[in-house]
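Participant: Could you have a look at this structure, given as structure tokens, before my questions?
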């Protein structure tokens, strides 16, 4: 490849026409349509009538996944063929950085919801401040505490409760997932998840460090450890959800505590799973194909940025969902 | 690679990675959506031609106002400017193409199915979305028709398209500028798009979050927007407008950029106050994040909130006024000519300022208690959306069409389009200020007799404006098929910038190696 100098410039590689985008569109649209109609069947449909919505969803998803596989494979092949100039590699770096920023903003929406509910909405329902003056008319016996163990609907009881239940029943949980105090720290599952995820951020850094020193063996070791920690994290979170549903009476439908708890930790867990798959793919690329060199390993670097990002989100979750 | 031309037939468009092809597809798609959203508007205005219910059922009327807003905002205006960005940014900064060409094609191709999904809801059981384009809970959750699920996923796809498009634009501008094209030499259209793209990446995910919360409330028993479970319907408005207010700048900033290109050309003077234009754009973008609750003065916010959002909103007038003064000062003592793009641009400056002033009135919290949800609001935002975004878009098409096609449009027809649009637009929306101030609520199919005359004027204006868009379509098609051929790279004698250094029509591939940026070609 020509180097970038004062006289000549590298040619920026613009791929020939490509079928990837159209295939990805077909896959995505089938996936989304299948999901939308499947969800609608569940809520509004006749339970005795079988539909093929979820079949469309799975076919679409499989096709979409296959397309993405080919897409990444194409990009990697082009890279290995030396088509990607330093400038084009920077485009990938910028793309990944801004993609992570967009993910940050997605989580921001849910944190915004949590803060709004905890600082404003729920205290107002309990009669706090000027905005709470309608409390005695609507939600007389409701008092605010977080985690919200008793919903406004629970608090009013009687006929009003019956009327309201026509729009859905929101009854508070029996127990919450909140921090139980230092005495019970070691019986508290999120403590282990915190240790696991923070450790995995360190191990992925060590893997990166090993790669920078061309120590392939240590790179594989630490990356494997990172992926396994990710698996354990997701496993423990599934266990936590099982506990919540089976023994805590804590579900999506137990008012706004259950809502924010499951949505925030759920989206985070989904992102951990995605990050884990990304890192696993990088591991397989290195083990099976010998990809990456010490100064050229964007696929791994991007995945590790993503991994650090889910780690940072977890720290915020720990603080505002579990502890405070 | 390099010199090859476009493929033949449909596969050229389906499989293309070329920024000019993708730009053209965006532009044609957005025009199709403009006509679709426009036809919904015609139904609305036909119903409102006189008091009483004559043409459509109220339930269908609600679907029309909702779909009109959604299709125009997400289908017409946003993709139109993305199309312009695709065509012009690589040409303006001396790049061979967009930074990520295959993703660019994907960003476009997921849009048509998303809008097909959205439009198909009109034929579903229970009808299409009927809760207004702002889809406030609980209208859009507890009381929504089942088709809302398709609406939600449609919005997800549109958001995905916007985010990918925006990331592509950021990567292109940050990474693909020709040597010598420093940030402060970039044409203002490129600057405004860089800032717009930042806003898109920042707020489209928040919209995705809002519709996801709706989905969960509707189908999975969560209580984000239900007070019975400890949530709050007002939460929806906060999340929505945290997206929604930056969104209005996403719509208008590229228009600012277009006008900042056109006015210097036809004034034959460099843009006055280039640096201040850049800083003003950045200030507007920053302020747009801290003013969202001015859409919600009447929901019962604490007084401290009302005051904060009132003052923050009024602050936006400062950088916006700086821009208006700069445009006017650019024209001052210029050697002005009034070709069609210039006419649209001057109308933009004038009419957008009218919209800005009514915005300032709406920003005053106690006054907004009177104006809220009246036709005054409708008049206000159509002065910014139509006379702002759409007029600047029309200006852009006339300005760059010769460069795109190598043919000159017919000036008489262009001017006719302008004057008919101008009269039609003002006849439609100026009277709406009066009926709004007199108390006519928005989003209703019937109204008090005392509003009859102004509404009839409004409807006649709307039909004129609608018809003028068919003239626009005719002009563009006629230019492509029968336009007078030109080969002057510069097209307009006052034009500056790299896009005017490539041949006319612009070849399929331009700047495969970066050009040298001369001082005279930097922003002018």
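Heads up, the Cβ atoms here are built off N, Cα and C, so glycines get one too.
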Participant: May I ask you to indicate which of B:303-322, B:323-342, B:483-502 is given in TrEMBL as transmembrane segment?
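Facilitator: So the range that TrEMBL calls transmembrane segment is B:303-322.
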Participant: Taking B:66-87, B:220-241 as the choices, which stretch does TrEMBL tie to transmembrane segment?
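Facilitator: Comparing B:66-87, B:220-241 with TrEMBL, transmembrane segment matches B:66-87.
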Participant: Identify the transmembrane segment range according to TrEMBL, selecting from B:1-19, B:248-266.
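Facilitator: That would be B:248-266, per the transmembrane segment entry in TrEMBL.
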Participant: Tell me, what is the mean pLDDT of the domain 'Cytochrome oxidase subunit I profile' (B:13-518)?
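Facilitator: In the predicted model, the domain 'Cytochrome oxidase subunit I profile' (B:13-518) has a mean pLDDT of 96.
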Participant: With Cβ distances under 8 Å as the criterion, find the stretch in B:66-87, B:303-322, B:343-365, B:377-401, B:413-434 that has the most pairs with the transmembrane segment (B:108-128).
Facilitator: B:66-87
Participant: Rank B:188-216, B:303-322, B:343-365 by Cβ pairs under 8 Å to the transmembrane segment (B:248-266) and hand me the top one.
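Facilitator: Stretch with the highest Cβ contact count: B:188-216.
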Participant: Which bits of the chain, at least 6 residues beyond where the transmembrane segment (B:343-365) starts or stops, bring a Cβ under 8 A of a Cβ in it?
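Facilitator: Contacts of the transmembrane segment (B:343-365) (Cβ under 8 Å, skipping residues fewer than 6 from its ends): 252, 255, 258-259, 262-263, 266, 294, 297, 306-307, 309-310, 313-314, 317, 320-321, 324, 327-328, 331, 371, 376-377, 379-384, 387-388, 391-392, 394-395, 398, 415, 418, 422, 425-426, 433.
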Participant: Any contact between the transmembrane segment (B:66-87) and the transmembrane segment (B:303-322)? By contact I mean 3+ C-beta pairs closer than 8 Å, pairs at least 6 apart along the chain.
Facilitator: no
